[in-house]
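Let me begin by presenting the structure, written as structure tokens, before commenting on it.
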Amino acid sequence: MTPARRATIEFLLDNLVWLMLIVVLIVFSLTVPRFFQFGIFANIIEQSTFVGVMAIGLAIVIISGNLDLSVESTAALAAMVTGLLFATQGIGLGIALEPAWLILPVSLAIAMLVGAAVGMANGFFVVRLGMSAFIVTLASFIWVRGLVVAISGGRSAQSLPAAIRVVGTADILGLPLLAWISVGCFVLFSFIMAKTPFGRYVTLVGGNLEATYRAGINSNRILFVSFVLAGLLAGVAGWLLAIRTSGATANLGVGMLFNAFAAVVIGGVSLKGGIGKLPGVYAGVLLLYSIHTAINLMGLPAHYTQMILGALVLAAVLLDTLKLRLREKLL
Amino acid sequence: MFAGAVLAGAMLASSAFAQDKGTIYYMVPTLLDEFQTESVNAIESFLAQVGYETVTLNADNKTDLQQSQMNDTILLDPAAIVIAPVDFNALAPAIEQAREAGIPVMVFDRQVTSTKVDFTSVAGTVEIGHVAAAEIQRLLEEKNGSVSGKVLQVLGDPGDPYTLDIQKGFEERMADHPEVEIISLPAMQWEASNAGSIVADQLLANPDIDLIFVHAAHLAVAAVASLEAAGKQPGDVLLVSSNGAPVGLDLIRQGWEQVEVEQPLYAQAAAIAMFADKVVNGEEIKPGTYNVLGLESEITIEEWGPNLKIPGAAITAENVDEPRFWGNLTPPSDPIKPVE
């Protein structure tokens with residue numbers, strides 16, 4: 001095989017998920033009535049924001065060789081705290097700040113702190129005490145959702161002030177601001193993962209913990225920070241979710257963990273750690289939400305929606321597996 | 001929170017006078033829903049007023065968990081069990097098991113018709129669909145001059161019989177109006193942002209949607225957020241919701257929502273307390289009309305047992321502030337009295 005041919009095949013395989021996304025978008029555009037319009041594509045990017053931001057943190061933890069099942073509940077907690085403090089209806093305390101725009105950085109900082117605190121707790125138990133990440137974060141998934149129910153009493157907080165709602169309603173160049181935020185998060189963290197020592201260490205630690213330890217890399221610190229980052233990003237996702245729905249309910253975000261995991265896997269991140277790139281994860285998120293949107297537009301009978309979604313996710317993962325085999329065979 | 005405090009206060013006050021008639025277990029399907037959360041406060045308070053202590057068990061929307069809770073509760077030999085089943089039919093064997101053990105079972109809010117129970121207090125989920133259909137027909141006629149147009153129906157989770165019953169009732173009554181196109185989509189797991197996404201997508205695919213009907217008030221909030229994001233103003237797209245939660249009433253006051261079909265939560269809970277003595281003592285419950293918190297309600301003797309149906313109400317801008325609606329969180333101040 002010539003080097004040029006090899007490079008082409010490698011490029012195609014590395015970006016297979018993007019090709020899949022393009023193919024899916026073309027198929028939906030041709031077959032689903034009223035799918036092919038700018039607004040629908042903008043909706044797909046906007047709706048993928050919450051799972052997308054959540055999936056960045058999840059992917060970082062998985063690439064580092066661990067697992068975080070708590071991101072969905074952490075996002076829900078951050079959303080509920082945002083709603084509880086700043087919403088004006090329901091159980092919202094309606095805290096107002098002067099000047100009004102201060103609510104944006106203050107609420108974001110609080111949501112990030114909430115998320116980071118859960119991430120630190122996870123990191124402490126997994127890294128410092130050596131407990132299984134699966135068990136620790138499963139426990140967090142449960143207790144954090146329980147905390148959401150406890151602090152809300154099962155009630156909802158609604159109607160966030162206009163100063164914060166602007167994030168959910170404004171658009172720039174026709175694209176919702178929420179969409180720009182998710183794109184921005186992916187660009188930023190893709191850069192961090194690809195171009196900074198931290199990003200490279202995360203991949204190295206996930207690939208071979210022993211070797212990085214021997215190379216003098218503080219692997220425990222890298223693992224701990226990856227959990228904190230996952231929590232922090234889940235907090236941001238929850239903050240965005242609260243803004244999008246103008247408040248929070250006790251079941252907000254339920255089911256998003258499945259979507260985040262599916263996106264990460266479809267995006268080419270190995271559950272064994274050490275392999276994966278964030279642009280692929282973003283393509284995975286967009287692919288999932290293209291499917292969601294197509295199902296919404298097709299008006300399929302309610303009972304079949306989950307079946308179709310599951311089958312399409314399976315098909316996407318199957319293609320990814322075929323890609324790995326093809327790579328082994330050809331390269 | 002205020003209502004909860006008032007109810008808790010009432011409960012404490014009434015407990016002082018309450019006779020010790022035993023413990024009744026209340027099997028609540030979930031606490032991730034304002035209706036169910038408030039039902040816990042109401043049932044515990046009202047049963048305390050007629051002399052019973054209440055223990056509430058949350059099934060977290062899991063049928064298997066509710067079945068195990070039933071099995072455990074039967075061993076504790078309570079005075080009675082009140083159940084709002086996660087699944088209307090799957091709990092039938094557990095209900096039969098309890099009754100065989102001599103424990104009477106009362107059904108709250110979610111009708112079980114596949115087995116015999118000792119008392120049922122419901123607004124009727126199919127009937128909520130009927131009330132919604134009547135209101136939607138009125139709204140479409142006012143808007144378009146005839147009952148015609150396009151309706152987006154946002155269901156709850158498609159695995160929940162509650163939402164399917166509302167859909168059934170709604171579509172039954174809309175079948176007479178073929179000029180109304182109904183697009184039905186589920187908000188998986190009753191999750192608000194799923195409802196928001198459906199509305200956002202459908203506003204683009206079907207910009208001529210006249211009315212959105214969501215099966216719970218918390219989904220209406222997300223629907224409004226999507227309408228706002230699409231640059232709509234209150235009233236541009238009509239909105240109808242069901243269950244009567246506080247957030248739905250707030251949306252009516254803001255002008256975004258036109259009708260909220262209420263489930264009369266306080267009356268449904270009060271009826272449980274009113275008939276608790278008769279059920280626990282195995283006395284006959286006679287058919288007829290009963291006044292439950294001012295609502296004329298009818299008991300019929302059905303194959304599955306005495307069935308009290310309390311009429312749901314349509315809440316509009318005209319009557320939204322009336323304290324009788326549970327969404328205003330003003331629990332009834334008059335003490336509950338057992339039916340003689």
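Glycine too: its Cβ is placed from the backbone N, Cα and C atoms.
Curation does not apply to TrEMBL; its annotations are automatic.
Remember, predicted model here, so these are calculated numbers, not experimental data.
Annotated in TrEMBL:
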type	residues	note
TRANSMEM	A:12-32	transmembrane segment
TRANSMEM	A:38-63	transmembrane segment
TRANSMEM	A:75-96	transmembrane segment
TRANSMEM	A:102-126	transmembrane segment
TRANSMEM	A:133-152	transmembrane segment
TRANSMEM	A:172-194	transmembrane segment
TRANSMEM	A:222-242	transmembrane segment
TRANSMEM	A:248-269	transmembrane segment
TRANSMEM	A:281-298	transmembrane segment
TRANSMEM	A:304-322	transmembrane segment
Contact call for the transmembrane segment (A:172-194) and the transmembrane segment (A:38-63): at least 3 Cβ pairs under 8 Å, seq gap 6+: yes
Touch test for the transmembrane segment (A:281-298) and the transmembrane segment (A:133-152), at least 3 Cβ pairs under 8 Å: no
Non-local residues, at least 6 beyond the ends, that sit with Cβ under 8 Å of the transmembrane segment (A:75-96): 50, 54, 103, 107, 110-112, 114-115, 118, 144-145, 147-148, 151-153, 155-161, 164, 234-239, 241-243, 246-248, 250-254, 256
For the transmembrane segment (A:133-152), sequence-distant contacts whose Cβ falls under 8 Å of one of its Cβ atoms, 6 or more beyond its ends: 61, 66-70, 72-74, 76-77, 80-81, 84, 91, 118, 121-122, 125-126, 248-250, 257
